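S.K.: Before I ask anything, let me first share the structure, which is written out below as structure tokens.
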Amino acid sequence: MDSVTESKLVSLTSQILSPMESTKSDLDWFTDRNIISFIVQVISLVSSMDLDLQPKPESEFMSLTTQIISLLHSIDLDSQPKMLSDLVLFISQKNFEHFDFSFTFSRTLVLEPEPAIMSLIFQIFSLVISMNRKRGKFISLCPQAFIRLSNGEFDVFEAISYSIDSKWECLPLNWKTYWPTREDITYFRCRNCEGRNHKEYNKAPVEIKHSLHRKHSLQLVLLCEENYTRVCYCCDEDLRRMFYYCPPCDFALNFVCAKKEAILYIDQPKWHEHTLALFLRKTSLTCNICALSHSRCPLYMCPPCDFVIHKSCISLPRVIRISRHLHRIAFTPSFDQGDWSCGVCRTKIDNDYGGYACTKGCLYAAHSKCATRSNVWDGQELEGEPEDIEEEVLPPFLKISDGIIQHFSHQHHHLRLDENTGRDYDENKQCQACITPIYFGNFYSCMQCDFIVHEECAKLPRKIYHPIHPHLLSLVGGYDGVISYYKDKCSACTGLCKGGFFYECGKEGCNFILHVQCATISEPLVHESHIHPLFLTSKPGEKRHCSVCERSAETFNCIECDFVLCFACSILPQKVRYKHDKHTLTLSYGKETSTMTSWCEICEEKINLQKRYYMCDEYCCVTLHINCLLGDLYMRPGSSWVTPGYKVSVLPNNHHMSRSVCSICAKHCSQNVVYQCSGLIFCSRRCAMLAGMRKQRRDRKNIY
């Protein structure tokens, strides 16, 4: 085999052995689809080799490879353990389900004595590892304890234990890499032995002394929950998965910050004309720039001027644009007399300290830290930059004549406006933009097909800024692809998105998307569920418990009391129609004090009058569960979504004399849509998901 093919084999093996980035979840390496894909490519390449044509003498890598090929050709499967026989059969097929191969391979690793083929594979892995080690510097990280965040403070709850039984578990594909500072250095943590089994590599210190915390030593620790963290004392950025920590003082430094000594004196003419000195003691002096008096990061000060600035505030911008205001806002060291309140968090601004104010003279202001939150500011410093020329945004439709338009999402046909307010309610007429029935009001319908859209939805702007995202969002008029159940979710309400129209961020690498319903509600929100107006005051990533549904989510918050309302609850329609009632139904918020028993007209089960439900406005006494009436929201017939292992199709459920029966709960499918997976019908998204999970469990069980 030529050197090109050998190089390709070595490259594929290196990719199989590549350490995992620390941002990825702790999954077993043999269930990673990318790794299995590389393994398939290796098997295909090795299978095409002709041993008679191999050059002599062979390299060590090719010698081991040819030994494996010879062993595969001569092995007697009947005399081998079942797991090894199954593995050889998988290899000979060259095309297999990744779950099947993964679990068979993992079971083969524990066979005693070790099969010859597994020994040869490990020798190849070790050889490739040694090749890669010569190309760069690796430093092993050995954290001393697990910690977790509890009520804003870290808690050391477990010393790290080590398991060094299996040599396979210490391969680089079981490592996690951290902090790519330079191309020639890789910091890694072995999840199996935490560095105890890698004496050939240099190790990062497990305990250090640092000038920012001279009182105690700092210990290298590992955070057990990646989604919940705190900020580093030095850089004010989120602490990474591994960092240095002092338990008695609850003091933490990111690994990169711990490698640098503190700078004692700095010049920052942008903020102050004199040299500033580092104040080493943790104290709560008020920062002139952000008006906060916390001690979560170092302070620099000018004692003669009584000027104080947090280290983290030094990098604040002078002029910015945020999603909460039409104009640019600029830093001001103080505010004029008057009662100023922050346009982001809605609390009072101290006039004697710095903040941001509108450059056009609007009475808009914001705290320094609020204006620079990642969910409102795009990170761009605009000082000295010319104002952007307003880009002409295309209208959502062209007017053809009175009542007739051509909409951008349906350009091949014209739409006609229907203003008939006396029409009968038809539950099968569904807006293609918001995927809800046409309850009331005007709508446009296609003059040649079944396309229909609310008049309000037809007027949705093509470009918007939304208060919870810093970038410009574009309206997408429909999506014909397969929806990913875990990726294509609305960033506000977390419901499945892309069934109808949606707004998406066009910035590369940003996956922010919004239902049109979530995109068109903003602050202040005056909602029937609460007496006070509600505002979007949550910090980036903050999830509060909705006072109505009690789920943790992005919320509108009351600044007068503790009430919060999630997006999913805020966009539920207040007024709806029901096909068996000629009157309007209103959403009730469980404030009824009646002792009478009410029953749902659809499922015929009791209604809890202390919870939300729909009720007739008139004398009919019709009451309905929300889910019974609305079903799974935003599910468009003809769409489909996938999760790992199975695909679900959404089908109409309104063209049959009798409703289908769900294959999971055995109830009649009462919604306007049903779900189909593997030829079976399900009444709801929940039942379809349950069926998919059961299928996955059966598939895994069959492997064993």
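Keep in mind that glycine also has a Cβ here, set from the backbone N, Cα and C atoms.
According to TrEMBL, the protein carries these features:
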- 212-258: domain 'DC1' (DOMAIN)
- 270-314: domain 'DC1' (DOMAIN)
- 324-371: domain 'DC1' (DOMAIN)
- 408-458: domain 'DC1' (DOMAIN)
- 467-519: domain 'DC1' (DOMAIN)
- 529-569: domain 'DC1' (DOMAIN)
- 579-628: domain 'DC1' (DOMAIN)
- 648-688: domain 'DC1-like C-terminal' (DOMAIN)
S.K.: Go through 270-314, 324-371, 467-519, 529-569, 579-628 and flag the stretch with the largest number of C-beta pairs under 8 Å relative to the domain 'DC1' (212-258).
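M.R.: Stretch with maximum Cβ contacts: 270-314.
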S.K.: Go ahead and report the DSSP secondary structure tallies for the domain 'DC1' (408-458): helix first, then strand, then coil.
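M.R.: Tallying H, G and I as helix, E and B as strand, the rest coil: 4 helix, 13 strand, 34 coil.
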S.K.: Can you work out the mean pLDDT of the predicted model over the domain 'DC1' (529-569)?
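M.R.: That region's mean pLDDT is 92.
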S.K.: Take the C-beta pairs under 8 A between the domain 'DC1' (408-458) and each of 270-314, 467-519, 529-569, 579-628, 648-688. Which stretch has the highest count?
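M.R.: Of the candidates 270-314, 467-519, 529-569, 579-628, 648-688, 467-519 scores highest.
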S.K.: Would you confirm whether the domain 'DC1' (324-371) and the domain 'DC1' (529-569) meet the contact rule of 3 or more C-beta pairs below 8 angstroms, pairs 6 or more apart in sequence?
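M.R.: Since 3 or more Cβ pairs under 8 Å link them, the domain 'DC1' (324-371) and the domain 'DC1' (529-569) do come into contact.
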S.K.: Reported in the order helix, strand, coil, what are the DSSP residue counts of the domain 'DC1' (324-371)?
M.R.: 4 helix, 12 strand, 32 coil
